[in-house]
Amino acid sequence: MTRFILSRALQIVVVLWVIITATFFMIRFVPGGPFTAEKAVTPEVLRNLEAHYGLDQPLWRQYLDYMGKLVLHGDLGPSFKYASRSVNEIIADKLPVSLELGGLSLGIALALGLPLGVVAAVRRNRFADYLCSSVAMIGICVPTFVLGPLFVLFFAIKLGWVNASGWYGPTDRVLPALTLGLVYAAYIARLTRGGMLEVLGQDYIRTAQAKGASAARILRVHALRGGLLPVVSFLGPAIAGILTGSFVIETIFQIPGLGREFVQSAFNRDYTLVLGTVILYATLIVTLNLAVDLAQVWLNPRRKFE
């Protein structure tokens, strides 16, 4: 197991280096710069700004300086848009909001998707199965950028139950978390149903039934652990999708999180903030994928570390 973790850790380092390098050079090849949108900036002021931030240096020198500060000090650099703030400070301020949104969305996805999938599998080819499967299919087909505005129009504008935007009180969390969570609840329901049906057809399930075990015990002790393997495998991509999906949701609902800040920084060509956000999300995603792999082995001990 230790060898497996060390091997994956080395892979993570390589993947992160590739992502950082590719993002660093890609954003600098985009036409324009972080200060070109400022109409009042004279050529002399522009040159001074570029010299202050090191943008007048050769690209390879900028890259080496950035990587040195990142590796040695964890310094993501200054923000070009917010002159008095560093990227580390902005991320520390905005990240908790995005993590809260992601955690609520994932909780909703699991709380709705798992029971729907189990019910559909246990009641296979019955009304409950058809109903749960239909609901899941609808959830898969409707994207978040469509579902979000529909929720705003109905629950916020027409009924007035919640605010249309903002992140002030508990009720402001409801619509964004539902919008993001319902889509992934549909995927989890489908995967849970498929995994449960496969397990319920195994010989050891029939053996437990022959020994007189109750249906509830068979489901709880024998079926759930194996039936949830597809869901655990999906959690890595799901968490990645929830994290990146928050970019759209935070923009729709005007949530002051890191996803919305990332979108704005891309328009502002704030190189360091874009790169810092990419590094953070990439690190979270690859680390969570490692955790998912370890959880799969725990659920299925027969699987070897590869």
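Any Cβ shown, glycine's included, is placed from N, Cα and C.
Feature annotation from TrEMBL assigns domain 'ABC transmembrane type-1' to 95-296.
When Cβ-Cβ distances below 8 Å are used as the criterion, the transmembrane segment (12-30) is approached by residues 59, 62-63, 66-67, 70, 269, 271, 274-275, 278-279, 282-283, 286-287, 290 of the same chain, each at least six residues removed from its ends. Positions annotated as transmembrane segment by TrEMBL: 12-30 (among others).
Taking Cβ pairs closer than 8 Å, the transmembrane segment (101-122) reaches residues 128-129, 132-133, 135-136, 173, 176-178, 180-193, 195-197, 200, 219, 224, 227-228, 231, 238-239, 242-243, 246, 249-250, 255, 257 in its own chain, all 6 or more past its ends. Annotated transmembrane segment per TrEMBL: 101-122 (among others), in sequence order.
The annotation transmembrane segment is assigned in TrEMBL to 134-161 (among others).
The transmembrane segment annotation in TrEMBL covers 173-189 (among others).
Away from its own ends, the transmembrane segment (227-253) comes close to residues 97-98, 101-102, 105-106, 109, 113-114, 117-118, 121, 144-145, 148-149, 152, 164-167, 172, 175-176, 179-180, 183-184, 187-188, 191-192, 194-196, 198-200, 259-260, 262-263, 281, 284-285, 288-289, 292, 295-296, 299-300 of its chain (Cβ-Cβ under 8 Å, at least six residues beyond either end). Among the features that TrEMBL reports, transmembrane segment is placed at 227-253 (among others).
The transmembrane segment feature in TrEMBL is assigned to 273-299 (among others).
Sequence-remote contacts of a segment are chain residues at least 6 beyond its ends whose Cβ falls under 8 Å from one of its Cβ atoms, and for the transmembrane segment (173-189) they are 100-102, 104-114, 116-117, 120, 132, 135-140, 142-144, 147-148, 151-152, 155-156, 162, 167, 231, 234, 238, 241-242, 245-246, 249-250, 252-253, 255. For the transmembrane segment (273-299), the list of distant contacts is 5, 8-9, 12, 15-16, 19-20, 23-24, 27, 66, 70, 76-77, 79-81, 87-88, 90-91, 95, 225-226, 228-229, 232-233, 235-236, 239-240, 243-244, 258, 261-262, 265-266, 305: same-chain residues at least six beyond its ends, Cβ to Cβ under 8 Å.
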